[in-house]
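Enquirer: Supplied in structure tokens, the structure appears directly below.
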């Protein structure tokens, strides 16, 4: 019995001893863990300089300051990022598109010529020097900020005269027409042998050429093909256009005076001709009885045409047959354009009555003088698919000479100020399905033309007139959104008489310093202007082809006046030598 109790007691002592050692072990482990943790914390505090609770209070402030610095840095770089985006996403693709357009135009022209060569119908293609690639038919000055009139023409520059002049005192060269494409230019004028007022016989000079740059860097126009159309056909009022097949020309054929033509009952004969790259001229009469069935007189606008969407577009004008469908649809329609800051004082009802009567001047027997646009498909067949567009007289003034221009992707119609409105007009034009639509015009108040009273240069009220002179403006300065800002042109700076030719840059209300041809008493007549850029030097030039009085050899001499467009804020006046 005692032995059994002793055995139990021994086992209990052993169990208690084991538990005691387990407790000691656990306490030792816990102590070592705490010591290790304390040492680790101490090491961390020492090595990292860890903040105390008081230090942690300032952390949000430091974070805010760092955030402000980062924001400031990003903000200063935003302008750079924006410029990079504009260059990469906007300007570079646009520049590539312009280059692509130029290349495609050249390829189109070459393809026409290759086909012509295959058919033994043409020679090789003339093309401007590489210095001009991308500088013809483009928006030459794109500037949102500068004053338009801070751009101005230099004195006239000496260059090669590519226009033949009269060789006798009775000779007469008149009515120049000019157009230039990305590959070549076209020029024509009328030649009369016995004085400028002879309507019975004349011949037409027609030339094709290219822009060259001389070894010294001068611009010159090089004529490569030309022809004198001296036959039994009396071509008048011719307009020319540079197309992929050469120089397309639209002319009327007349044997009577203008007044007699308007008093006739049938439309005027009209022909579509072409000077090809091989120097050969071909021509085809249009079916005017169908095309101009409602007209008693019809003439090209004299100014150059334009090649758009595989068609050549010309401005035309003339007289409508009374009570014909085309005449009836215009009945009661009119438009009144107003001078800048110079309102007509007449009563509104009287102004409307005068505006309506301005379309039927007495000089042409009371016929409605109408503006129109003729487009013809450009192909190896002449006169193909002609389409006539007659715009409403709620947009256009009385019909007059004009010009179709293409600059960049924009098209315009210039209308001569033959009616009461003296400032130069450029109607924006859109084309679709072979027809054209005209929109409210840009007006250039300081770009006036002389005229007979009551439609002189300073006129401000509607009146029936047939006056003025052809002096077209060329679109030169644009906003970045392609809106037109300013034009270049050579005006006749007289009130009533055709005197004082002067070149300038014009905005809607004013003009730059001017470059005069000579004295204020110099007689002149028609002027037509075209601008281009020498891309290599980034210099912009403008050519004004002007009829200048010539007392020794003929009444007029047609002179190609060349200027460079300069820029500053001066107001001096330049004069040619």
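The count begins at 1 with the first shown residue.
Even glycines carry a Cβ here, placed using N, Cα and C.
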Enquirer: Scan 66-94, 95-123, 124-152, 153-181 against Swiss-Prot and say which stretch is down as region 'Important for interaction with fusion/F protein'.
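Expert: Going through 66-94, 95-123, 124-152, 153-181 one by one, Swiss-Prot flags 124-152 as region 'Important for interaction with fusion/F protein'.
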Enquirer: Please identify the range among 234-239, 240-245, 246-251 that Swiss-Prot labels region 'Involved in neuraminidase activity'.
Expert: 234-239
Enquirer: Which one of these stretches, 27-47, 195-215, shows up in Swiss-Prot as transmembrane segment?
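Expert: The range carrying the transmembrane segment annotation in Swiss-Prot is 27-47.
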Enquirer: How long is the line from the C-alpha of residue 344 (disulfide bond) to the C-alpha of residue 538 (N-linked glycosylation site), rounded to the nearest angstrom?
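Expert: So the alpha carbons of residue 344 (disulfide bond) and residue 538 (N-linked glycosylation site) sit roughly 44 Å from each other.
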Enquirer: Once the chains shown are all counted, how many other Cβ atoms turn up within 10 Å of the Cβ of residue 344 (disulfide bond)?
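Expert: A 10 Å sphere around the Cβ of residue 344 (disulfide bond) contains 18 other Cβ atoms.
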Enquirer: By CA-CA distance, flag whichever of 238, 433, 461 among the recorded positions is nearest to residue 247 (disulfide bond).
Expert: 238
Enquirer: On a C-alpha basis, identify the one among 455, 538, 542 that is nearest to residue 461 (disulfide bond); the candidates are the recorded positions.
Expert: 455
Enquirer: Note the mean pLDDT of the topological domain 'Intravirion' (1-26), expressed as a whole number.
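Expert: Reported value for the topological domain 'Intravirion' (1-26) is a mean pLDDT of 62.
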Enquirer: Report the same-chain neighbours of residue 251 (disulfide bond): residues 6+ apart in sequence with Cβ closer than 8 Å to its Cβ, ordered by sequence.
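Expert: Same-chain residues close to residue 251 (disulfide bond) (Cβ under 8 Å, separated by 6 or more) are 204, 235, 236, 237, 238, 239, 270, 271, 273, 300.
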Enquirer: So if I draw a 10 Å sphere around the Cβ of residue 461 (disulfide bond), how many other Cβ atoms end up inside it?
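Expert: For residue 461 (disulfide bond), the 10 Å Cβ neighbour count is 19.
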Enquirer: Can you grab the distance from residue 433 (N-linked glycosylation site) over to residue 542 (disulfide bond)? Cα atoms, rounded to a whole Å.
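Expert: So the alpha carbons of residue 433 (N-linked glycosylation site) and residue 542 (disulfide bond) sit roughly 33 Å from each other.
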